[in-house]
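Q: Take a look at the following structure, please.
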Amino acid sequence: MNTKNLNIVNKLIDSTVISLAFLIPVFFLPITTDFFELNKLALLVLGSIIILVLWGVKILFTKKLAISSSPLDLPILLSLAVFILSTIFSINKDSSIFGIQGRWFPSLIGFSTLVVFYYASASNIEKATTIKSALYGFLISSSISSLVAILGYYNTPVKLFNSVLFTFSGSINSALFVAALGAVLSLIMMFGEKNKFLKMSLTTVSLVNFSLLLVLNNVVSWVLLITGLLAVAYLVPLAQVKQSKLNLYVIAGFVISLVLLVVMPATKNVVINNNFPREINLDVTGSWIVTSSSLRDFPILGSGPSTFNLNYTRYKPLYLNNGNEWSLRFDKPFNELFNIMSTMGILGTAALVLLGVTVIKLTFKLRNIYTDSSEEGNVAETLSAGLIVTLVSFLVTYAYSINAFALFLFSALLVSKIKLAGKESDLVKHVVLSFTTVSEEVSLSSLSAVKKEYFHYVISAPVFALAIAGFLLTYRTYAADVLMKQAFTAAQKNDGNTTYQLMAKAINTNPRKDLYHNLYAQVNIALANSVASKGNLSDVDKQTLQSLVSQAIRSSRISTEILNPLNPVNWEVRASVYKALIGAAENSEQWAINAYNTAIQLDPTNARLRLNLGGVYYSKKDYLTAANLFRQATTLKPNYANAYYNFAEALYNLKDYKNAKTAFEVALSLVEKDSGDYKKVAEELSKLKELPAVAGASESSPSEKPIEPITQNTGATEQQDVKQEPLTDPDQQKEEPKVSDIVNTGTGQQVPAE
């Protein structure tokens, strides 16, 4: 065995673990449509592959396989097994394997990567300095993350990517999690640090992170901070605290000063940015309704990882239509516990709860082992507190790459710490598989099928195969998203030809992404509209037009019939494609109606879908059916001004002037005064009142199915502060889409039902 080469391999493994601990909280790249989560996951996959390959090389050098075994093995492997089973029976396997746009975790690829990272790291970390360096790397990263978030909070002149919500972590909740961890872990490490410079540096790190928690004043931040402080009180010996009185005085003085600045009327408005936007999350009640409904239909294995967005549209409670977030299609519940219950069922919940309980039990056992004030004990206390805070984060927010990574990082470091400290006993065992031993000198001579001189090649082969498979899967997803980002950039420059070509390349690279097909279909329609608007079309133009229309239909059919038939967004896009072809292609109206009806079945409480479907019937002059659909929209959302306005227009054409007048009045009460929509409705209402029929009894509607009359006490005016969308006139077709408009609204973590 070449000792020098082996040392190089060990150093590379240690460096990769430390680098990941530092980079994951702050890493992002603006070359993909999703700057943050996708890049963090890609970095984690790449780092895990590097460690895995180095582990395989180490097996070849040492001719043995060494694995650290701990009480975490059973829940981790059980959770992985449930992930695999739930993915196999998922209602959408592509989403369960790779995740969805903007929400790449939890997915089978993401969780499998974390499991690989855990075992590869825990089994190969051989120095205590590596563990401490990884902790320092994470703390430095937390400080950078919090500083950037604070700068964004106070609207500094330099805004990265023109976003007031920009954080290195990717979201407000993830930034709060990183800050809470940084504040707590640096505080514990400060208690055990002897070096005065490092002690003061850790104090500074704690204060920077605490500052972000205080100014954001978020429930998530306070729950995580209080949890961390309770962990400090439980884990840290009193002797260590007494040795850091000066630093505690500094922290106390800073905290008291900052709190006074926040609460005093003279400085409160300066310190607190009241205009800072908050992250929009599904509330607890809505999360539970969706989760319980999903459990009812998929009790054992759930609907599949990363399918909460499909559950939400099917089981969305009606009361959510009364708020400003009514048009959002949430892809995550209030916390990760609800998400696991909904998407992985009883088995998934049991497995992951077992993992959490095992982690907590392990941290409690360590408190009894490390009873002194040694450096080893301090590091163990820090890791234990980090695990506790991370587990609590899953109860107050959902899982994302950072807190999922933190759970497995701290678990791997803690197992390594126990192993290196020689306190293995029943907690951690180092199992070695070699030519002549399996752990405790178990002979392999009976394995005649595998010659001893080739045994290490046989063991390392699956390691390299797993690394190659992980790289290829991740590369395809990542490369396609890079191409799609380039397409967006071209679209913003109104370069339709380049946009079209880049989107086609993205789809060829990753043909299993329904979002890409939806965008491609809409871009084809936009380009077709552009060609058709020229007039006096040449034969080449006609051929191009036919090709664009055919491709739009083909892409919409792929997303609805093959990739994700249960996603109402896909059917809505398909309906919009056929709607754009009304008058130009045979049976387009009926195809649009069929697509909207399917979307309504998958998203039954969505008022806008009924509004759009009513618009199709209105264009056919089927005013009765249109009026009934507009009426359904007002029932689903009693404060929907646009639905009342369209309802009034349909009633007017049915000559039901009395109810038309009432609908116009309700619409008028819902839109903002002094707005263009207010003037528009007021003018139409005024013209309606001048009709002779309005003064007396309304004329009967020429229909076999009369429209149910409406009154002013429908509840439509209960929430005057609800924002209204611009009114759309059913007499006019929707404005032709532009390529730049499509790509600007085609992404996002929470997609409005446009």
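Just so you know, glycine gets a Cβ as well, placed from its N, Cα and C.
Where the annotation comes from TrEMBL, it is an automatic prediction and has not been curated.
Model, not experiment: these values are computed from the prediction.
Heads up, here are the entries from TrEMBL:
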- 12-29: transmembrane segment (TRANSMEM)
- 41-61: transmembrane segment (TRANSMEM)
- 73-92: transmembrane segment (TRANSMEM)
- 104-122: transmembrane segment (TRANSMEM)
- 134-154: transmembrane segment (TRANSMEM)
- 160-185: transmembrane segment (TRANSMEM)
- 222-239: transmembrane segment (TRANSMEM)
- 246-266: transmembrane segment (TRANSMEM)
- 337-364: transmembrane segment (TRANSMEM)
- 385-410: transmembrane segment (TRANSMEM)
- 454-475: transmembrane segment (TRANSMEM)
- 607-640: repeat 'TPR' (REPEAT)
- 641-674: repeat 'TPR' (REPEAT)
- 693-754: region 'Disordered' (REGION)
- 698-710: compositional bias 'Low complexity' (COMPBIAS)
- 720-739: compositional bias 'Basic and acidic residues' (COMPBIAS)
- 742-754: compositional bias 'Polar residues' (COMPBIAS)
Q: Verify whether three or more Cβ pairs under 8 angstroms connect the transmembrane segment (73-92) with the transmembrane segment (41-61), leaving out any pair fewer than 6 apart in sequence.
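A: They do not touch: fewer than three Cβ pairs between the two stretches lie under 8 Å.
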Q: Check the repeat 'TPR' (607-640) for me and report the mean pLDDT.
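A: It averages 96.
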Q: With pairs closer than 6 in sequence left out, are the transmembrane segment (222-239) and the transmembrane segment (73-92) joined by 3 or more CB pairs under 8 Å?
A: no
Q: Same chain, outside the transmembrane segment (337-364) by at least 6, Cβ under 8 Å from its Cβ: which residues?
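A: Apart from its flanks, the transmembrane segment (337-364) reaches 70-72, 74-76, 78-79, 81-83, 85-86, 106, 235, 287-288, 290-291, 294-295, 298-308, 311, 384, 387-388, 391, 394-395, 398-399, 407, 411, 414, 427.
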Q: Where, among 104-122, 222-239, 385-410, 454-475, do we find the most CB pairs under 8 A to the transmembrane segment (134-154)?
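A: It is 385-410 that shares the most Cβ pairs under 8 Å with the transmembrane segment (134-154).
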Q: Which range wins on Cβ pairs under 8 Å with the transmembrane segment (104-122): 222-239, 385-410, 454-475?
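A: Per the Cβ under 8 Å count, 385-410.
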Q: Summarise the repeat 'TPR' (641-674) as counts of helix, strand and coil residues per DSSP.
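A: Helix/strand/coil tally for the repeat 'TPR' (641-674): 27 helix, 0 strand, 7 coil.
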Q: For the repeat 'TPR' (607-640), jot down how many residues DSSP puts in helix, in strand and in coil.
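A: The composition, in the requested order, is 27 helix, 0 strand, 7 coil.
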